[in-house]
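Working notes for the structure below.
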Amino acid sequence: MTENSAVEVDEGVFESTAVIDNGSFGTRTIRFETGRLAQQAAGAVVAYLDDETMLLSATSASKHPKEHFDFFPLTVDVEERMYAAGRIPGSFFRREGRPSTDAILTCRLIDRPLRPSFVDGLRNEIQVVVTVMSLNPQDLYDVVAINAASASTQIAGLPFSGPVGGVRVALITSDENKAGQWVAFPTVEQLENAVFDMVVAGRIVSGSGDDADVAIMMVEAEATDNVISLIDGGAQAPTETIVAEGLEAAKPFIARLCTAQQQLAVKAAKPTGDFPVFPAYQDDVFAAVEAAAAEKLSAALTIAGKQERDDKTDEVKVEVLEQVAPNFEGREKELGAAFRSLTKKLVRQRILRDQFRIDGRGITDIRSLSAEVAIVPRAHGSALFERGETQILGVTTLDMVKMAQQVDSLGPETTKRYMHHYNFPPYSTGETGRVGSPKRREIGHGALAERALMPVLPSVEEFPYAIRQVSEALSSNGSTSMGSVCASTLALLNAGVPLKAPVAGIAMGLVSDQVDGETRYVALTDILGAEDAFGDMDFKVAGTKDFVTALQLDTKLDGIPSKVLAGALSQAKDARATILEVMAEAIDTPDEMSPFAPRVTAIKVPVDKIGEVIGPKGKMINSITEQTGANISIEDDGTVFVGATDGPSAQAAIDMINAIANPQLPKVGERFLGTVVKTTAFGAFVSLLPGRDGLVHISKLGSGKRIAKVEDVVSVGSKLRVEIADIDNRGKISLIPVEEDGAAAPAEQSEEAAAEK
């Protein structure tokens, strides 16, 4: 990495630059500029990635605090402008409307590391608005947005302990380097060869330059959709050890980005304003509450059941507050906050000193597990997963591929065949509240569960269905998102979806403090809701028995030792294995598809026959639909998806389509003298008839011997005598070579002779 710089490029306009060196993968340049745009905002920074991707971040603050608030009113908004990609919005009014899922998830990525960086007790409203103004289609803007938001906040004169640096690192493999290299700010094209991809945010806690000590604050990570095929090709699997290495690899990049922001702040930051802070309570209030409640509350916190424990804790709270309230008139809110702080202190003390938790478990114990499938009668697939008092219902729905979600955002994804929706109704925690459209938290949890399962889903060729997975959090006491991963795996298998491997998830926690003069860290397996709230880290890990598929980390600490993090990952792997065993007892292979699910078959027709299948004004395809009752969807490449409620209806539609588009279907056993038209790593495509090709797999080309490359035996243009070994229900033809002198009559048919028929 080269040195950063901060210069005045015009009167009052300053910029700084961070150059990220990825070795053989090239360099990426992040440039921060302030003083030109949005000058009335408290802080405004334009961030560029290689001068083509451009984001404006503006930070504003209210002049007066909201004294009646008992929380920090920070709002983060991401505005995707379609002009950034040279497009007009597809909505009816042709302008941007509600934020896309990508924008909402980016808001969460920004909020999570920024919020803990503000001083405790701040009650002024702070708003950060990031506008995507230009986007190279090969770039992902979310990590650029993290840096832009941090930079604009850093110069806004706020009590902010930044800057925060954010980087996406991907483990990209190649034929020469199967172990892979961690590449910062990878392009969309480079991610196709990545086995793991993570967004990491952090800040410098000591030192400077690339060797600065960086504290990781937030991680959002996932295995890529291609991970299993890449592993099969010899690539490194993203195990817990590899993930830990990736976090370390991200730190120098974060240091570089933070340094660039610091240098910009030196030139352009406003002096920190006088912002009043409102501590949750004063020391005298805490001392009084502790003296009155410590003994009774300690006893209440040993009750294992959540409901009974909460009831007893509430009883103690009412009793104690009545006892001490006369001494603190007008400070009732402080009393409640002090009681909560005392609860946190006692919970943490028991974990650190006794290695026991509030429900009586040891630090590595998992709550009781239960898994059951086929819960909802007419659903295509359903399952109920329970872990202690957390209960998740997973429901799977299958439909035609044309029902895939159309995505109108700035991201590279235009359709989603697999959709995961997570619902968290208020009754799941025994409370009342608003129900309706999903909140940001629900969207984020659904996206995490979706990413955990994407690597193991079958391709559209293997399973030609659109899949909607819904996770209903019926009862919550810790990590409903990871419970959703488990319930979804069970429901998908119950629906007959051929997953490449089952996936389970577990939530980890961390508690640390000074004990006997040393910093002691205790990692907790399967955390409760209270342990999440009172702990120092929320660490969710999902994966198969062999590798990690998704990971999410948020920490309140200024850095977690690598050894502690590695230990937590190891604990998570052990817990995942235990959960997978319980899930396998409920279902371990795909069930038969539900009679209520549509039967979808994919067949192939020549592209020049698509018009004939559709017919003038859709007459032919409508006729087939009316006669058979099947739904038919035709793709531009000639793939036809036929869906029906029963097999005979689908087959009738397929026969009618083939009668139009494939009138001369070859049969198994026929032989041809064909021409090799394409070679790939797995075989050679041979033209048999006009518009009709078949595949000779590489394993069939060596006359019984193993060959390294297809081109060692045949090349494009070669004549090859072949026999049809199989034709699948999609019309794909599998071929085997045959000897010249053993050819039967059909083998005398050359491609040219067949064309004359």
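Just so it is clear, glycine is given a Cβ too, placed from its N, Cα and C backbone atoms.
Annotated Mg(2+) binding site per Swiss-Prot: Asp532, Asp538, in sequence order. Under the heading domain 'KH', Swiss-Prot lists 598-657, citing sequence analysis as support. Residues or ranges marked as domain 'S1 motif' in Swiss-Prot (evidence: sequence analysis): 669-738.
Secondary structure from DSSP puts Asp532 (Mg(2+) binding site) in a helix. For the domain 'S1 motif' (669-738), DSSP puts the residue distribution at 6 helix, 37 strand, 27 coil. Look at the domain 'KH' (598-657): DSSP puts its residues at 32 helix, 16 strand, 12 coil. In the predicted model, residues of the domain 'KH' (598-657) average a pLDDT of 86.
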